[in-house]
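Taken from TrEMBL as is:
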BINDING   30, 31, 32, 33, 34, 35  ATP binding site
COMPBIAS  255-266  compositional bias 'Basic and acidic residues'
COMPBIAS  294-303  compositional bias 'Low complexity'
DOMAIN    25-201  domain 'tRNA(Ile)-lysidine/2-thiocytidine synthase N-terminal'
DOMAIN    317-381  domain 'tRNA(Ile)-lysidine synthase substrate-binding'
REGION    251-317  region 'Disordered'
C-alpha cells in the first residue's frame, strides 16, 4: 500500500490500532465510516509491522443492492492493500424470534466473522466507537438491566478487539473524508423502528441539549466502572456455582430424597456466614430451617412424578448455601444454571421467581421458565421438564 502523510483523524485511528495490535487481524467491514476507517488502520499497521491481515464483509441480503454494496466494499479494501478479502452471504432467521430481526442479523453476522478470525488464528477487529458504547449503556438502563449489561462492550473480549472504543464517531467520518473513501450509510441506523436508532437520533441529542456536552463520555466511563464490578461479581459467582452444583449422578441417586443429606451442603467452605466474602446471613438462612417441613412432603413416595419428569443428566442446585449467599451472587448462579439447563433469554422476573424457591420456600409449585420447568425437591433445585413459556 502506497504511503502518504496521514490526516489528523486518520492518524488517531491508526494509533488506536497500533496500541492494541498483537498479531494477525481480521477487520469486520460493513462499508460504514467506522469500519472503513478501521480497515485502513488495520492495513496500515499490518503492513508496517509485517502482521497478517484480512477483511470480511457480510451481506445480510436484507436490502436491495446489498450484493453490489458488498462488492464495492471489497474493491475499496483491495485498494487499501488487502489481498485476503471475503464476502460472506448470510441468511437471517424469520421475524418473530425473541431477538428480533436486528438481533438475528447480528447473530448471523458474528457467527461468520468469528469463524473467519478463528480460521486464521487472528483477532476480529471491530469498529465500535465511544458513541456505540454510550448507546449500549442507555439501552441497558432503559431495559432495567444489571451491571453486566451496563458494562457495555470491552476493548478486548476473547478474539474480539475494539480499538476505537474511546474515539468519537465523528472522527471516523472525518478520517474517511481525509482518505477519500466511499462511505455507505446503513438506512437501518436511522430507522426509528429500532430503539438504538431512536437513542442515537433523538435521546442523546436531547440529553446534550438539556444537560450539556460530555454525555457519551460519561456513559462510557459508567460502562468501564460497571465492567470492573461485574467482572468481580462474575468470578465470585463462578466460585459459588461450582460449590452448589450437584452433579447429575448425585442428584439422581436415592440419597437425594433425604432432606437431611442436602443440608450437609450448608457446610461448604467460603459460601456461608457473615464472615465469608461470598455470604451474609441477612436473615435469608430461614429458608433452610423450613426445608425439613416443606420438603418433607416431597421425599420418598410423596412426589413420584418429580423423578419421572426429571431431565436425565441435568445437575441440581443445593438450596441451603444459596439461601445464605449474597443476592448479587445468588441471582447470577441461578441465571447461569437456567441457561445451562436449556432456558433461552432468561428475564429477570423469571430469575426472581426461581430465587423465591430458595429464599421464600413454602412448598410452592414448579416455576415455568422459558423452555424449562424448575422445581424444588428435597432441598435442591431441579429441572424437571420442558416448559411452554
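Just so it is clear, glycine is given a Cβ too, placed from its N, Cα and C backbone atoms.
Shown on the structure are the features that TrEMBL records.
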residue : record           : CB count, 10 Å
30      : ATP binding site : 21
31      : ATP binding site : 21
32      : ATP binding site : 20
33      : ATP binding site : 23
34      : ATP binding site : 25
35      : ATP binding site : 26
Give the residue counts of the domain 'tRNA(Ile)-lysidine synthase substrate-binding' (317-381) per reduced DSSP state, in the order helix, strand, coil.
32 helix, 14 strand, 19 coil
Per-region confidence, the domain 'tRNA(Ile)-lysidine/2-thiocytidine synthase N-terminal' (25-201) (mean pLDDT, whole number):
91
Using DSSP and three states only, what is residue 33 (ATP binding site)?
helix
Please list, in sequence order, every residue of the chain apart from 30, 31, 32, 33, 34, 35 whose Cβ lies within 8 Å of the Cβ centroid of the ATP site.
29, 36, 37, 38, 127, 172, 183, 184, 186
